[in-house]
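Worksheet: one structure, shown below.
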Amino acid sequence: ASFTISLRKVDNTTVMIKLRPGVSPSCHIRIKSVIRSELNIKPGENVTFSFTCSTPDKYFTMEIQKNIDCVSGPCPFGDVYLYPPRLPRLNRTYIWDVKASTKAGLELKFSAPWLRQIESGETCPDFISYNINSCIDKATVNIGTFCRNGSVSRVKLLGGVIMSLHLPWDSPLTTSGFNIANRASIKRLCIIESVLEGESSITLMSPNYPLGFPEDELMTWQFVVPSSMRASVFFHNYSLSNCERKEERVEYYIPGSLSNPEVFKLSDSQPANIAGSFNMSLQGCDQDAQNPGILRLLFQVIVQHPQLDENVTHLVDLSKERNMTVTIHFEGWPGHIPLMSEPICLICKDPRTCDRILTLASGTVYRISFLCKDLSRLRITAEKVISCVDLWRCQRKIYSLSVPKAIMQLPIRLHKFIWKLLAPDLINIEITSPSLKLQQHVPEQKCNMSYSYGIVSATPERELNVGVFCPGGSIEKIQMRNNITISLKTFGKGFINVSNHQDLKMSFVPHIKDECTFTVSPNPKAKVYLQTPNWPYGLPPYVSISWYVVVPSKQIARLGFSKNRMGIACETGRAYVNIKEETLGAEETVRREDELLPDPRNMYHNFWVNISNCKPVDRTQLTLQFWVAFADRQIDLGIILAVVAGAGVLVAIGLTVCCVKKKKKKTQNPMVGVYNANVNTQMPGKKGLFTKGRQNNESHVYAVIDDAVVYGHLLMESNGSIAPEVDVYRPFEGRIGSSPPSPPPFSFRKDIKCSSNTEEESPPLTDTDLDTYTFAHQKSGQLEDNGDANEKDKGGTSVPLLENKKQDGLVE
């Protein structure tokens, strides 16, 4: 098809067709027999042409420019038309370059549905956009880029204007959508009028955004708002230039205000809850020539109906709180930003200071109100910092980790309360829940309460997610070595009913050995599931965690693991599971990462479970879960008779000792101790029942221990051979069981075979397992009974401990 474009000279219009940038010239323009890649038609010319392809819109664009002189001649007021008609269907840009004096500015008026300002680079939904530039002398300022369907109804500009309209090739638009309405001196860069009808929200930007507002310029936005509505202004993005003189500021003219104009800094909270129409002006300054900086502003104006409860205030007394902040925000903050079409909830510190997000600081009393139809869309997030610098001053203090009543009295749901517990090196943190206790959230026992605690232990090098906990469990105490963050998170509205019964407390304690230690005190007949921190990602390398489980009296604890192996291979170091009862002479069960974990076993006393990680060879980390179940302890008649018989023997021994002591005082025998090998070490009665270890007889008791100690020959084994033992002095390091078991040093560890068909060799005792004087030996086939019904490790041999003479009470 061919096209004819005829331009009248008086129209002062130029048409240019040119190739789109970056497109190969596969299509051309044909004028008679001449082939061209572009076409420029000037005023007064008449040109007929065609294209060498069927889809010229893919290769060419069109630019139509009309020059209008409002300086030397009359200005053509009224509607601006799209001229010339019947143009090819190409993407086209209409440009109106209007020359005007700075003493007589121009006013552009837009027809409905008016315009909406967008950021540079943003695209309009229908691909139709307007661009307005102001021309002052030789300087050009970009007032902004606009789409259709907005609130901007008029723009007044100082000096000339370059108006551009961009239309896609298939646009049905036949009118420009604006007219030149008037000429008037405005004595400022521009005035933008925005008409807001009903509840709405608009976003506007300063000229040249984001490149920077012109130096020492002044512009104004006029907002037309119904008197029955309320408007609020919010600055979302701004920057300041470096001023040599004056000061950058925002001025408001609010009808009925007693201090017009009201002046604000860009960093201030802007006016809110404004009744009716108002003006807002942006004033620049004289900038530093060497380092001018950038003044720019992007802001939002929200218009809504007045709320029935806007005069209802809520007292929030934070005067007695320290190091705490309270933020009231909309649901989903900060990740979710409400759409412009959604109803807006505003929180006000006073009738004119409102925002969608309000932060309250401790040490102050606030009276707040809400401009919101639905308060259920608002949430509260609070944060409190508790720190300790000197352990001597703060270790006796117990801090309550509960939500202050001032927060719970607000008609808004608490979303999260965060406690940041800070302690320097060698000062650790202890968390307790004396009455409610805590339950660890695990797949077998999920938290279904109205709230839960997320506990994270952190150092500058790494972070350890201890786990999620809720009240009503068995964990009485948690001790951690590093700074701690505890996040209380609520679910639903039920937290209001239980907020007065919070039971979480913390204190600062001296340095602990492991990364984290749990004290578990279950209820009788309860089954408790516990798992390693950082689940399911695994313990960090070289981290050691301990659990101290309290076994109720007259109860037996059944301990078992959820899997039979740790499931890792170590690159450096070894991973261990240590189990030990807190009783005299108790054996310590140790398993490495390459061995089977212990089968379920009975524990008759309080016990420790320690899990220590190595550095795994791959990304698989150590994750372990174990359970503890309780049952009543069964006592049979044989045990009762044995106890009675044992008590009788102890009475007889006591009488004998008293006689020996009296005789000793009368004699002056030399201070020599002789080991008596002929003493009968077997308890009278039925042979083989509850055989007695040497720790309970008197064969090792000395009347006096002096510098020289003489030992007799060792006891003969049943086969007549001598099994020599070496007695080693080891210093006593405190009450047995006062600290969790730890993996033995590498040089003292013995390999432990996990097959149930072979005998296991028990791991060597640590220093804290041995008393001051200890002889360890046992005849083949002899059963061990130290007075406690300890279950032995499957297939293992036990080593009885003999108490020193002071513990027997036989020597003063």
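Using N, Cα and C of the backbone, Cβ positions are placed for all residues, glycine too.
Annotation source TrEMBL lists domain 'CDCP1 first CUB' at 3-70.
Note: the domain 'CDCP1 second and fifth CUB' (82-182) comprises 0 helix, 59 strand, 42 coil (DSSP; helix = H, G, I, strand = E, B). Among the features that TrEMBL reports, domain 'CDCP1 second and fifth CUB' is placed at 82-182 (among others).
Here TrEMBL flags 188-291 (among others) as domain 'CDCP1 third and sixth CUB'.
Residues or ranges marked as domain 'CDCP1 fourth CUB' by TrEMBL: 315-403.
The feature domain 'CDCP1 second and fifth CUB' is assigned by TrEMBL to 414-493 (among others).
Taken from TrEMBL, the feature domain 'CDCP1 third and sixth CUB' applies to 514-627 (among others).
Under the heading transmembrane segment, TrEMBL lists 637-660.
The annotation region 'Disordered' is assigned in TrEMBL to 734-812.
Sequence annotations record features per position, and here TrEMBL assigns compositional bias 'Basic and acidic residues' to 803-812.
Look at the domain 'CDCP1 fourth CUB' (315-403): DSSP puts its residues at 7 helix, 41 strand, 41 coil. Restricting the average to the domain 'CDCP1 third and sixth CUB' (514-627) gives a pLDDT of 90. Look at the domain 'CDCP1 second and fifth CUB' (414-493): DSSP puts its residues at 0 helix, 51 strand, 29 coil. The DSSP breakdown of the domain 'CDCP1 third and sixth CUB' (188-291) into helical (H, G, I), extended (E, B) and coil residues amounts to 0 helix, 52 strand, 52 coil.
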